[in-house]
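*Asks:* Quick one: structure below, then a few questions.
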Amino acid sequence: MLLHPQFDPVAFSVGPLSVRWYGLMYLVAFVQFIFLGRYRIKTRPGFLSVEQLDDLLFYGMLGVILGGRLGQVLFYEPAYFLANPLEIFAVWKGGMSFHGGFLGVLVAMGLWTRKHHLNWFEVMDFVAPLVPLGLAAGRVGNFINGELWGRVADASLPWAMIFPQSGDMQPRHPSQLYHVGLEGLALFVILWWFTAKPRPRAAASGAFLIGYGAFRFITEYFREPDHGIFGQSYTISMGQWLSLPMILIGVAMVVFAYRKKSL
């Protein structure tokens, strides 16, 4: 059984400015997006320019941050933020919903593709394999903060971990690291392999929805359930409710993409 290391949430300070690990992980996510995106541009010459990729990242950042925070407020902690409205703006403290951020990115990509007169699905297919490692970085930030810990685990589990922030000092699943392994590393490998060959339009986007939704549904069984807008449930969590439509829509997109290709 392990004890959570209890990292200082501040990675480093420069004068009065403190840089937190959680914010630093977002920076890592954005940097890897640019690095992998530029590599993919070379494999698809003429599709996007480096300048367009940088602009795409800017729109994506706005979508992630605004959508992620609003998703946290609306899906998971509406009562808390209603009582403490100024906390909505304290994004450096953590508290970002993936599903809210995902919806924010969809809107941002819609605006960006309209601005550049590009097909929305083709851009989303390009972006899909660039996302998982960024998600992994965010989950590493959750682990460093000692938040979003897992459900109580058997003390005999070698990697069971005590998170002092939970208040009960019981051994728990380090579910943040499960997210890193499945929704981050595994999904990245799958999508990078899947997009190595030309695929029908919307197939890669659909594969992302299926992969993320399925992996998130699995990892939620090891994560301490959030209360969410429907209250706390040990049968199916808010994250699982939000992942189900992702899986269904993803399957429909992949089926439609390949059927359209065969017509």
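Here the Cβ of each residue, glycine as well, is placed from N, Cα and C on the backbone.
Small disclaimer: the values here were computed from a predicted structure and weren't measured.
Straight from Swiss-Prot, here's the annotation block:
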- 17-37: transmembrane segment (TRANSMEM)
- 56-76: transmembrane segment (TRANSMEM)
- 88-108: transmembrane segment (TRANSMEM)
- 176-196: transmembrane segment (TRANSMEM)
- 236-256: transmembrane segment (TRANSMEM)
*Asks:* Who are the chain neighbours of the transmembrane segment (17-37) in space, where the CB to CB distance is under 8 Å and they lie at least 6 residues beyond its ends?
*Replies:* 7, 9-11, 53-54, 56-57, 60-61, 64, 92-94, 126-127, 129-131, 133-135, 137-138, 140-142, 144-145
*Asks:* Near the transmembrane segment (56-76), which same-chain residues lie under 8 Å Cβ to Cβ, leaving out any that are not at least 6 residues past its ends?
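*Replies:* Contacts with the transmembrane segment (56-76): 26, 30, 33-34, 37, 48, 88, 91, 95-109, 111-112, 123, 127, 226-229, 238, 242.
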